[in-house]
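Presented below is the structure to which this report refers.
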Amino acid sequence: MSETYDFLFKFLVIGNAGTGKSCLLHQFIEKRFKDDSNHTIGVEFGSKIISVVNKFVKLQIWDTAGQERFRSVTRSYYRGAAGALLVYDITSRETYNALTNWLTDARMLASQNIVIILCGNKKDLDADREVTFLEASRFAQENELMFLETSALTGENVEEAFVQCARKILNKIESGELDPERMGSGIQYGDAALRQLRSPRRAQAESIQECGC
Amino acid sequence: MSQRSERRGIHVDQSELLCKKGCGYYGNAAWQGLCSKCWRDEYQKARQRQIQDDWALAEKLQREEEAAYVSSHSSSQTQPPQSHSQHSLATFSKFEEKKTNEKTRKVTTVKKFFSPSSRTAPKKESHEAKTPSPSITRQSSIETDRVSRDFVEFLKTLHKPGREIHKHSRAFIDSMGNKKQDLSAEELSECVQDFYQGMSDRLLNHFKGSSEKVDRVMDQVEKYIMTRLYKSVFCPETSDDEKKDLATQHRIRALHWVTIQMLCVPVEEEIPEVSDSVVKAITDIIEMDSKRVPRDKLACITSCSKHIFNAIRVTKNEPASADDFLPTLIYIVLKANPPRLQSNIQYITRFCNPSRLMTGEDGYYFTNLCCAVAFIEKLDAQSLNLSPEDFERYMSGQASPRRQDDPAGWPQSGSRVNPVLTQIQHNLSVLSSLEKRQQQVIEGAQSLEAELTEWQESVAREVQEILERYPLDIKPRASAIDAENVENDRLPPPLQPQVFAG
């Protein structure tokens, strides 16, 4: 907690159960796959600081339960999220078919400005592939999502997915699309950002506090 | 007396210029015909009388206020100001003064009015109120005193900002004390959240970007404020929190039959370390109700969640995921049935520093707990992959008091969570086993008895059959003589002895 950072982003990892959401999280946080971590002290809550376009960003990553029976009660996860990884399993068409539902929930429950990246996980199991890259890429384009195929086993594109998402959020902040001052934006200033903001004595927009419900 | 002297002064003033006291000096109309010395003496006496009158009035008001507080009659509270104003008018009408003297007298009156009451009142009264209202001393709890002392000690390290924080916090608590009876739970929550926001903004300006320090101070502020306000804002009467608590408690009790398999919980309670983690998780979430500060309640939830993750990790031998965590948390909540669960969730939602709930580890685990409770409320057959018939049978059958008394109705999967329940189930199991064994022994004994009887009868019957099959004919024996005769018939005749002469 004592590290210095400019921004803090709340991230979600959403998708069907068994698609590898927690493995992606562990790979990103600990740089290893679950099979290799027999004697590791598990980091249940994901939190990591990365460097994106000259700024330090702290990502707080919320792993979510993907079972169908929990879908109606897990909506409070989305409150105040700035970004999301939408995960499906390339060897399971069922998980790909469920993406529309996850996307609808995210857009409705978080905010219209939430930045979502589509992740086709288990790329290392290409022999069992059921969803083609082209098909998923088209889906991503139609829904204005970024898209990457990842492998939590080999670590391929895992960090890249988080970094791309964070970079897009930063771009939205600079362009004014995203207002960090809003309570529900999922973005908080770190120490360095506050110091930078105070010194020029810029007038800040009045804080609009959203209802937490 | 004074009126007479006034008349005499006016009358003599027209004819003579000397002081009316007869001291030989010239008098002055401004001093009512007296010289300066005599006038000063006269003024002293009047002032003394005024002081005594004020004292008596103050004591009277004090008694009236205390009586009003005790009987809590609002009508009597309006009387003191009227009495005060009437008495003031009467007092002031006694004298004809210049403006400067009148002002001086008013100031003196107000000061003297408050000084006697400050002696009797246990605390200093606010000078904003003209009428002193002595507050009834409340016996605050030991914990509240300790938290107040800790708060003051913490703020001393901050020097001047600390004094500002303390002043603002106390003012806020006082205002909340006045408002609590009129506001709803949501309005109370808004007041507290607004205070947090304002305090946080002020601190950010002072500490110039050190959010770590701001967070630390805000934690102390929250602890101080919520400890003081807990009694009035937790489960307030204006809300339906208590009703929801009872509904949730009944719901969880009705779902005692739900098993690990139904929820797909990846926890193997046969492993001692796993069972230990489960017990600790249940203890933590039950302990949540005993805490007062929202942050401490959240710490209980976080500790519970970490024990759950440990149980899953030991069972699966790999890090846990949210797919595994949420069903396990649901299972723990069902086993624990934490006291006043809804009230605690509402209290945290309303009065916790919001920055900790939206993000952060505590917020993540709290969100999962809210999901778990929502799931339990909406639980149905489909949620557990059961048929509606089975679900209804479990829900209604277990509720039957007759079934509950029957040991056979006890859940098949024994609960390893509660050691007392475990012992009871173990004893019931042993008794059942002993009953079976005794039944077997009795049956064996009866079987052996029947077998013995059967054997005796069968032996007797066989002997009888043999006798009937081979009858034994015994001919009557001949006499002994006849027997010898029989032998003689076959033998040669006996030899006769021969005599030899030699």
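Along the chain as shown, residues are numbered 1 onward.
Note: Cβ is positioned from N, Cα and C throughout, glycine not excepted.
Taken from Swiss-Prot, the feature GTP binding site covers A:18-23, A:Ser37, A:39-40, A:Gly66, A:121-122, A:Asp124, A:152-153, and the record attributes it to similarity to another entry. The Mg(2+) binding site feature in Swiss-Prot is assigned to A:Ser22, A:Thr40, A:Asp63; the stated evidence is similarity to another entry. Per Swiss-Prot, motif 'Switch 1' is recorded for A:39-44, and the stated evidence type is similarity to another entry. Per Swiss-Prot, motif 'Switch 2' is recorded for A:65-74. The annotation S-geranylgeranyl cysteine is assigned in Swiss-Prot to A:Cys211, A:Cys213 on the grounds of similarity to another entry. Look at Swiss-Prot and you will find A:Cys213 tagged as cysteine methyl ester.
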Can you count the other CB atoms that lie within 10 A of the CB of A:Ser22 (GTP binding site)?
26
Which ones, of the binding-site residues A:Gly20, A:Asn121, A:Asp124, A:Leu153, are Cβ-proximal to chain B (under 8 Å)?
none
If you count other CB atoms within 10 A of each CB, which of A:Asp63, A:Asp124 wins among these binding-site residues?
A:Asp63
Tally every other Cβ atom lying within 10 Å of the Cβ atom of A:Leu153 (GTP binding site).
19
Would you say which of the binding-site residues A:Gly18, A:Asn121 has the most Cβ atoms within 10 Å of its own Cβ?
A:Asn121
Cβ neighbours of A:Gly20 (GTP binding site) where a neighbour is any other Cβ within 10 Å
25
Looking only at the motif 'Switch 2' (A:65-74), what are its DSSP counts of helix, strand and coil residues?
6 helix, 0 strand, 4 coil
Between A:Asn121 (GTP binding site) and A:Asp63 (Mg(2+) binding site): CA-CA distance (Å):
15
Averaged over the motif 'Switch 2' (A:65-74), what pLDDT does the predicted model reach?
85
DSSP on A:Leu153 (GTP binding site), three-state: which is it?
coil
Would you mind pulling the DSSP three-state label for A:Asn121 (GTP binding site)?
strand
